[in-house]
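J.: First, the structure itself, so that you have it in front of you.
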Ligand SMILES: Nc1nc2c(c(=O)[nH]1)N[C@@H](CN(C=O)c1ccc(C(=O)N[C@@H](CCC(=O)O)C(=O)O)cc1)CN2
């Protein structure tokens, strides 16, 4: 079977064109959306993602505010930058690039953010709102996955979804999104402690692999005709490797590949959250 491609690059380009119009309309009403980023340390992946975020901002007409700190920055220095962005009116939304170096307490940093400026939807208040079914900015990768499926007319309602990975940016929140009444999927969340991973993956109509383990999902685990979304990224000396083994692609009806699938959607959803936050300022909602 030749799987069809869930083309995140093309879908993200379409979303960015829509956002550019909305950013222009905001400017006409006196509000320039501005994205801040807080980046601590030298991780090449994190630097590349943050560069990408600011490139996207320039394309869409969102102002950029960058705060970079050295790898040995103290908790207090990071928190000072967060306080500064909370107070800066030019910054309508911002993110703290994760992961932070190990000596820093990421939860304390996230908690200090103004929830109304949380462009990642990772502040405890916003994650709590998601649990309660209230309006909140949504975490970018989960939101991007739902948007990618919707824009390709993939049936989510009633689907059996297997998520592999329990991280805070993807695994945990995607279960919350997909089980809302508007999505109505049934979600199994697997992780390193799951005893029968192949059994769970084999039941799934939609597989979301976000474990960061190269080639974890092999062809024999995949139900023929399933939808595969490869969210895992591991940097090796041979380049980037996803969680889905290339042979597994052959069994699927649809594949969001890595690269070019969910990653570009993560970036597009960050821009969407920033524009929406600025729109809320205009309407006062
Ligand atoms: N504060 C946050 N930190 C992290 C998040 C996040 O949503 N918020 N997610 C990831 C990193 N990330 C964005 O920050 C991200 C990851 C991957 C991509 C992407 O476009 N990937 C490409 C391939 C990678 C490459 O070319 O280097 C793709 O899949 O096509 C974008 C953003 C962890 N941290």
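Counting starts with 1 at the first residue shown.
A Cβ is built for glycine as well, from the same backbone N, Cα and C atoms used for every other residue.
TrEMBL entries are annotated by machine, without manual review.
According to TrEMBL, the feature domain 'Tetrahydrofolate dehydrogenase/cyclohydrolase catalytic' maps to 6-120. Taken from TrEMBL, the feature domain 'Tetrahydrofolate dehydrogenase/cyclohydrolase NAD(P)-binding' applies to 139-281. The NADP(+) binding site feature in TrEMBL is assigned to 165, 166, 167, 233.
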J.: Consider each pair of residues in 165, 166, 167, 233, all listed by the record as binding NADP(+), and report the largest Cα separation in Å as a whole number.
T.: 15
J.: Restricting to the same chain and to sequence separations of six or more, state which residues have a Cβ under 8 Å from that of residue 167 (NADP(+) binding site).
T.: 210
J.: What average pLDDT is reported by the model for the domain 'Tetrahydrofolate dehydrogenase/cyclohydrolase NAD(P)-binding' (139-281)?
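T.: Computed over the domain 'Tetrahydrofolate dehydrogenase/cyclohydrolase NAD(P)-binding' (139-281), the mean pLDDT is 97 on the 0 to 100 scale.
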J.: Mind checking how the domain 'Tetrahydrofolate dehydrogenase/cyclohydrolase catalytic' (6-120) divides into helix, strand and coil residues in DSSP?
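T.: For that range the per-state counts are 61 helix, 19 strand, 35 coil.
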J.: Sort residue 233 (NADP(+) binding site) into helix, strand or coil using the DSSP assignment.
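T.: Going by the DSSP assignment, residue 233 (NADP(+) binding site) belongs to neither helix nor strand, so it counts as coil.
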J.: What number of additional C-beta atoms lies within 10 angstroms of the C-beta atom of residue 165 (NADP(+) binding site)?
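T.: Result for residue 165 (NADP(+) binding site): 23 neighbouring Cβ atoms inside 10 Å.
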